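Asker: To start, I am sharing the structure in question, which I have written as structure tokens.
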Amino acid sequence: MQEKISKFEDFLTQLQQNITTVLEQHETNAAKFISDKWQKPDTPDQKLKGYGNSMIIEGGEIFEKGVVAFSRVHGSELPPSATAKRQELAGKSFIATGLSLVIHPRNPFVPTSHANFRIFIADADTDNPIWWFGGGFDLTPYYPFEEDAIHWHQTAKNICDKHDKTYYPKFKKWCDEYFYLKHRDECRGVGGLFFDDLNDKSFDECFNFVTDCANSYLDAYIPIVAQRKNIEYSQKHKDFQLYRRGRYVEFNLVFDRGTIFGLQSGGRTESILSSMPPMATWKYNWQPELGSEEEKVYQYIKPRDWIK
């Protein structure tokens, strides 16, 4: 099992380099991803041990902020967020390896994107380790372009259908349900794919699906960036983007499993919260004008079948 974990780690670290290189190619000023490598000390007082590399870009003309973060950690006991739906795993040791990214563009017409790909192994050093994959990618637009959502979902469906034709409808629905702010009765965006506890096939079959899914992120996102990054926008557009970013913050801090897992397990706070947008605003009881571009967003982000 350790060999398989290392193989996935090698894939993720190479993917991290590929994604940051491609994103930098679309940046138009001197902003670059900086690498922040870290290691948790292997001491008795540390609940979580391991290492990682958080790659951050800030202040770009295209990407106002972005993070592509790799980590490999292990602990003596899975935190509550990881065992809430699988009580049989409570108290078990674990290894977790993953890559998580969030890209916050400067232009309000370019959507924010998020992706995550990970593996968990409980009882990794025993004769019967329990493994599962998780991940997916989702899109959060501020102003609607139907063709962008169709392209995003078509890319997701193509990858899923290559492996299992039941995956796309199942993981698309899961994504719509997961990225939902209960207290706002709003979806975070137009969704995409979300899956967890993936071990319904052999390890190699699941590995191949997850790596194909991860490799398709750039195919899904970069054409949208290229199409929208030069659209002129006003301060009104920017203000609405900042307001909607507030929803992103609310979701990450209240509902996101990765954030909760990281904080509960004693993870590296700077890396865990690096996905936060550089700026966000909240307005008391604000409502968009009837018939405005801003009002259309609230209809656009409701779950729907994007692929006719």
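Including glycine, each Cβ sits where the backbone N, Cα and C put it.
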Asker: Among Ser100, Ser274, Ser275, find me the residue Swiss-Prot lists at the same substrate site as Asn116, Phe117, Arg118, Gly266, Gly267, Arg268.
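Answerer: Candidate listed by Swiss-Prot for the same site: Ser100.
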Asker: In Swiss-Prot, which of 140-175, 212-247, 248-283 is labelled region 'Important for dimerization'?
Answerer: 248-283
Asker: Taking Cα-Cα distance, which of the recorded positions His114, His153, His183 are within 10 Å of Ser100 (substrate binding site)?
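Answerer: Those close enough are His114.
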Asker: Based on DSSP, tally up the residues of the region 'Important for dimerization' (248-283) by helix, strand and coil.
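Answerer: Its residues fall into 22 helix, 0 strand, 14 coil.
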Asker: Just the number: how many Å between the Cα atoms of His153 (divalent metal cation binding site) and Phe117 (substrate binding site)?
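Answerer: With distance taken Cα to Cα, Phe117 (substrate binding site) is 18 Å from His153 (divalent metal cation binding site).
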Asker: Give, as a single whole number between 0 and 100, the mean pLDDT over the region 'Important for dimerization' (248-283).
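Answerer: In the predicted model, the region 'Important for dimerization' (248-283) has a mean pLDDT of 88.
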Asker: Rank the recorded positions His104, His114, His153, His183, Arg268 by the number of other Cβ atoms within 10 Å of each Cβ, and give the residue at the low end.
Answerer: His183
